[in-house]
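Novice: One structure, pasted below without further comment.
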Amino acid sequence: MWWDERVSARFRRNLQPTLTYWSVFFSFGLCIAFLGPTLLDLRCQTQSSLSQITWVFFSQQFCLLLGSCLGGVFKRTLAQSLLALFASSLAISLVFAIIPLCHNVVVLAVVMAVAGLAMGCIDTISNMQLVKIYQKDSAIFLQALHFFVGFGALLSPLIADPFLSDTNCILANGTANASSNLPHIRKSLVPHHPGNLSHYDLPMKGMVVTRVSYAFWIMALINLPVPIAVFFLLYKERMVPCFNGSSHPLLSADELALETRPGDKDELSSAAQRPHPAAGHEDLFSCCQSKNFRGASFTYFAVHITGALVLFMTDGIVGEYSGFVYSYAVEEPLAVVHKVAGYLPSLFWGFITLGRLISIPVSYRMKPATMVFINVVGVLITFLLLLIFSSSVVFLFVGTASLGLFLSSTFPSMLAYTEDILQYTGCATTVLVTGAGIGEMVLQLLVGSIIHDRGSYSFLVCGMIFGCLAFTFYALLVFFHRMYPKPSPELDDASPDKAAVPEDTGQYQR
């Protein structure tokens, strides 16, 4: 295996929980990408206007952000985390099954809000639990985690595609005229990022002829093994309500030797007898309590803020680029034909998924800080070249693929880097997940309004500005990292600046 035996032994010992968290993130990806290509059929199903149906996007994104903030509430014990993941993954399957029954746009928005809450909880809890399990070795497993969300995001549009209507799915007078707009509109509805649809007029009344319900029922069945996997993990850990107590397998002598460094052996037995503290993985509300600020240095806050701002920019770029690259391509001066331009968002998401797959082995050999540096510099250079060759269709495709590769591993690498700086104390995971969610929602709205006022060229200018800001915030993070206090036994245990690494035997902690 391309990693060392110590990491391999830890992975084997935590194989079931790790695979479970990866599968739950597959549910996240499956749910986040289906709405765009199915939106017109859902509009027909609910017999609503395009402006009304696009509010479903907002309800999902807003509640996803809210769920990310609330997800940390359930991390206090392993039982709470697993129960929350079980409920969230089961809710996603139920949402897929219920969507075909929603014939009112308000009901559909409420259902998608529930899905957003579930996705937010999955996002926060899965990242937190993997960091807890692997700590210093978490980078590689976080890269794999985020590969699965990309895989799910690629799969759901493929499942939906055979069931999408080729013509307008509401038969009424003037359907022929309205149907001519449908391919153009559908191509502009890339996964979870709607374009400007206000100037299209499609009928709202008539007979509904759509088969998209089958796609949602298929996705519900595909997702069903995920809550079952979480339930099996609950059962194994004896956390199902009808069971009490727990038992954990003892480490073999060889594994114990791999996990225990010289000087740690005397502490191992005492560390195993006391519960590991939950410090460092608080929910957003707990992080904001004044008791967590006592004795904190300026650099403690600066690391959290600059790390969140880097992800605010990079995840915001993911949102705005995937949302508006089609609109940019079909406008002058490129004027790409609609069918060809429709491949750009798929190319972008495809290379994000490929990049996350490549980053799994790379992250084992390369430090997270180095990977983030390569990512932000690569994003900056790509946007610069896109601006220079703004009249080249070929380079637009090359730049889109390049941007997907560079953005793919930014989030897990930044999470691993920031948690490592704070020595797994602080509130890095919660703050970074929240910052990334806000960035994706805010920058998409901002860029949409700017393109409407200033034209399509401002799309690349905005990306360049966001890339510069991401690099600037990363440079500040490196600066504050150098200023951050090193591990010191004199620091008080209650201080948020305490840099000593929590005891870690590599076991799956309750």
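First residue shown is number 1, and so on along the chain.
Yeah, the Cβs are placed from backbone N, Cα and C, and that goes for glycine too.
Taken from TrEMBL, the feature region 'Disordered' covers 489-510. Summarising the annotation, TrEMBL assigns transmembrane segment to 21-40, 52-74, 81-99, 105-126, 138-159, 214-235, 298-318, 340-358, 370-389, 429-451, 457-480.
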Novice: Between the transmembrane segment (298-318) and the transmembrane segment (457-480), are there three or more CB pairs that fall under 8 A, provided the residues in each pair are separated by 6 or more in sequence?
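Specialist: Counting Cβ pairs under 8 Å, at least 3, so yes.
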Novice: Among 81-99, 105-126, 340-358, 370-389, 429-451, which stretch has the most Cβ pairs under 8 Å to the transmembrane segment (138-159)?
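Specialist: Most Cβ pairs under 8 Å with the transmembrane segment (138-159) come from 340-358.
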Novice: Give the one range among 21-40, 52-74, 298-318 whose Cβ atoms make the most pairs under 8 Å with those of the transmembrane segment (370-389).
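Specialist: Going through each listed stretch, the top one turns out to be 298-318.
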Novice: Between the transmembrane segment (298-318) and the transmembrane segment (52-74), do 3 or more CB pairs sit under 8 angstroms, pairs being 6 or more residues apart?
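Specialist: These two segments do not touch.
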Novice: If we skip the immediate neighbours and take only residues 6+ beyond the ends of the transmembrane segment (429-451), which ones have a Cβ under 8 Å from one of its Cβ atoms?
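Specialist: Same-chain residues near the transmembrane segment (429-451) but 6 or more away: 61-62, 64-65, 68-69, 71-72, 120, 123-124, 127-128, 131, 193, 196, 280-284, 287, 304-305, 307-309, 311-320, 323-324, 327-328, 411, 414-415, 418-419, 458-459, 462, 466.
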